[in-house]
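In what follows, a single structure is set out as structure tokens and then discussed.
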Amino acid sequence: MAASVSASCLNRLSSLAVVLVALASAASAQLSSTFYDRSCPNALSTIRSGVNSAVRQEPRVGASLLRLHFHDCFVRGCDASLLLNDTSGEQSQGPNLTLNPRGFVVVNSIKAQVESVCPGIVSCADILAVAARDGVVALGGPSWTVLLGRRDSTASFAGQTSDLPPPTSSLGQLLSAYNKKNLNPTDMVALSGAHTIGQAQCSSFNDHIYNDTNINSAFAASLRANCPRAGSTALAPLDTTTPNAFDNAYYTNLLSQKGLLHSDQELFNSGSTDSTVRSFASSTSAFNSAFATAMVKMGNLSPQTGTQGQIRRSCWKVNS
């Protein structure tokens with residue numbers, strides 16, 4: 001009898017999972033690269049201009065925008081919930097406390113520019129998705145087609161930021177976190193390549209440089225010189241070779257055990273993803289292609305479409 005009940009529960013859970021995947025797929029199917037062609041034909045050029053201007057002034061903006069998009073999408077989908085200034089919302093949670101404010105400032109500025117051209121038409125979620133792509137391109141990385149038509153969430157979801165894998169994650173934990181979002185191991189390794197730009201605080205990698213053995217000794221020593229064991233908010237580039245260029249140096253660094261975060265080096269540590277890291281390290285085009293594919297998949301995670309949510313007039317607050 002117990003076995004029968006258990007089987008029944010499993011069948012119901014399986015059916016629910018199928019329904020949820022189907023709903024997510026249906027929402028993604030409503031996205032289109034031409035969504036604003038008639039309603040706001042200058043939307044994409046306005047976003048691109050804003051991103052390029054910001055990156056020229058501060059190259060790290062590209063990494064900030066990319067990280068915002070990732071952190072937004074991994075919590076209940078790409079709905080701009082992360083952008084809401086809610087004191088008890090997503091921004092207040094541990095995984096998001098190190099997000100640089102400049103990313104939010106740039107998105108809010110671009111939103112204001114888009115609103116001046118097409119008021120009430122273009123969502124913050126779409127602006128962030130496009131800005132992340134344009135930031136990568138501005139730093140020499142690949143481009144990809146961003147599907148559009150996302151709407152903005154009316155709430156922030158602090159309780160689900162645990163979906164974001166921490167920098168202390170093992171390979172198994174990384175694979176599990178990405179699999180939960182229907183992203184495969186190749187997607188995971190490719191998206192981790194976003195760490196070819198940007199910086200991290202010492203507190204994010206102190207355990208790695210003081211306690212791990214799978215790290216180049218000279219590299220660890222150089223980092224310890226600026227990062228006391230007790231931790232600090234000092235910064236180090238995620239890619240020490242070409243920190244402001246979107247390239248495949250992140251992977252060549254991993255081959256030399258120069259991954260800044262524990263989770264970075266886990267990708268090349270005698271595990272199942274070693275061969276993918278070698279492939280990306282030896283071929284920029286292979287990395288660029290896989291990264292673009294993975295970004296499209298991630299950008300299509302559980303969007304709000306149709307009459308769901310709203311088109312916020314300001315990205316930092318819901319419409320009154």
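Cβ from N, Cα, C; glycine included.
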Site-mate of ASP239, THR242, ASP247 for Ca(2+) 2 in Swiss-Prot, selected among THR186, THR196, THR293: THR196
Neighbourhood of GLN30 (pyrrolidone carboxylic acid), C-beta criterion under 8 angstroms, separation at least six: GLY149, PRO303, THR305, GLY306
Alpha-carbon distance [HIS71 (active site, proton acceptor); HIS195 (heme b binding site)] in Å: 14
Helix, strand or coil at HIS71 (active site, proton acceptor) [DSSP, three-state]: helix
The one of HIS71, HIS195 whose CB sees the fewest other CB atoms within 10 Å, among these recorded positions: HIS71
